[in-house]
Amino acid sequence: MGFADVLDQVGGFGRFQFIHVALLSIPGLLMASQNLLNNFTAGMPGHRCSVPNRTSLALSHNVSLSELSDAQILQAFIPTADGSRLSKCRRYTEAQWHLVGTNVSNVTEADTETCPDGWTYEKTEFLKTIVTEWDLVCALGPLRRMSQTIYMGGVLAGAIIFGGLSDRFGRRALLIWSHFQLATLGTCTALSPSYLAYCILRFLTGMSMEWIPTKSRTVVGSIASFFFTVGQVVLAGVAYSLRDWRQLQVAVCAPFYIFFICSWWFSESARWLVLNRRSAEALKHIHRVARINKRPEMVEKITLEVLESHMHKEVQSSTTVFTAYDLMRTPVMRKISVCLIFVWFSTSFAYYGLAMDLQKFGVNIYLVQLIFGAVDFPAKLGALMALTFVGRRVTQSNVTEYGCAIFVLPSAELQTVRTALAVLGKGFTSASFTCVYLYTGELYPTVISLTTKVQGTKEQ
């Protein structure tokens, strides 16, 4: 007898659990946006060195500009990188007017310089990004990807810090605070006056299922992951509509103020309350669940004594303090931990390696985001069926193997094949994520499951 039996007595997966799962899962629609937002807020548009405008040229150069097109003026100022495309990072020190109207595209002996007047950006895919805002191109190009690394560092820090705090202050309090922190700092990020401020706020933003019967957790976990998938599709539409990074940042963060308000409805984890010697509060929450699930007769039957008798073994085991060291203490736990760490790392590496740099496929970025999101639907549905009818181990081993194998993409010349394999690999790695989230919690004893989740998030 344990807490799962108490849940069965108050209705199992009833109305309360349905509402609870829905309110917890709906924010997942925008969690995908947070993790993949960098594809659009830090998108790299086509660019070249800026050249003087026609008025300045007329005053400083003894050249008739009325007969010259913009392309011809660029030919005089910008060398070509490969014989056809304009250089993105260099321009001639002195205008090479003799090249205008000729087939000569470059003068090897002519001096060039980095762009003294800044860059001119194309606005076909993006209107404004942090790249165009702070000129994160050429020598500063690595800072574009650094912003995503900093965000994921915040996710890691949040998993470690908030994981420990949730054990001390409760799940509900930390969930409410996380929604508020994400909403506030996320919207403030849109007001960033500099790249440094943007990175700090993104890091802090990144920092930001006890009530489900055990037999229902496979289905519930998969359903919750579908909200993340829908969020990827939604992100494609929102990013396509709002091509200014500041507007997009506000659009995906402001709804968390609504989630913050709704999260006050949540009940604290009854298991956590009992394990922290607050059984009377836990009993009130259980009675509330019974009433919502239309099982009012259980209010009289489940007393404080009944609850404590059901939770007696869990209360006894909670007196021992467990740390990450316990994941490696015994040979069996060590084997499980090493295998799961490898699965978490390989799945995360492949998944985010594909999903966090969509521009490398050379296809419309909004279309790729839409396809990458859509492929997760059949992938996760297949994973759910396999988990239910085939088993955890076989499903996990196969989807991880196929996902990592497909990650070896062909050269960029085979663009269609490359993109098709990437979509297939994205589906397998998404299915692997669905499996490993559920499998990890089931392989470890309950008392150290939180430590395991922190370890898993650390691998991400």
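Even glycines carry a Cβ here, placed using N, Cα and C.
Annotation source TrEMBL lists transmembrane segment at 12-32 (among others). Within its own chain, the transmembrane segment (12-32) has Cβ neighbours under 8 Å at 179, 209, 211-213, 216, 220, 223-225, 227-232, 234-235, 252-253, 255-256, 259, 262-263, 265-267, 288-289, 292-295, 373, counting only residues six or more beyond its boundaries.
Under the heading transmembrane segment, TrEMBL lists 149-166 (among others).
Annotation source TrEMBL lists transmembrane segment at 178-198 (among others).
Residues 13, 17, 21, 24-26, 28-33, 36-37, 39-40, 209, 212, 248, 251-252, 366-367, 369-370, 372-374, 376-377, 380, 383-384, 387-388, 430, 433-434, 437-438 of the same chain sit 6 or more residues outside the transmembrane segment (219-242) yet have a Cβ under 8 Å from a Cβ within it. Residues annotated as transmembrane segment in TrEMBL: 219-242 (among others).
Within the chain, the transmembrane segment (248-267) has long-range Cβ neighbours (under 8 A, six or more residues past its boundaries) at 20, 23-24, 26-27, 30, 33-34, 37, 40-41, 172, 175-176, 179-180, 182-183, 186-187, 189-190, 205, 211, 235, 238-239, 242, 285, 288-289. Residues or ranges marked as transmembrane segment by TrEMBL: 248-267 (among others).
The annotation transmembrane segment is assigned in TrEMBL to 336-354 (among others).
According to TrEMBL, the feature transmembrane segment maps to 366-390 (among others).
Remote same-chain residues near the transmembrane segment (366-390) are listed as 32, 36, 39, 218-219, 222, 225-226, 228-233, 235-237, 239-240, 354-355, 358, 399, 419, 423-424, 426-428, 430-432, 434-435, 438 (criterion: CB distance under 8 Å, separation of at least six residues from the stretch ends).
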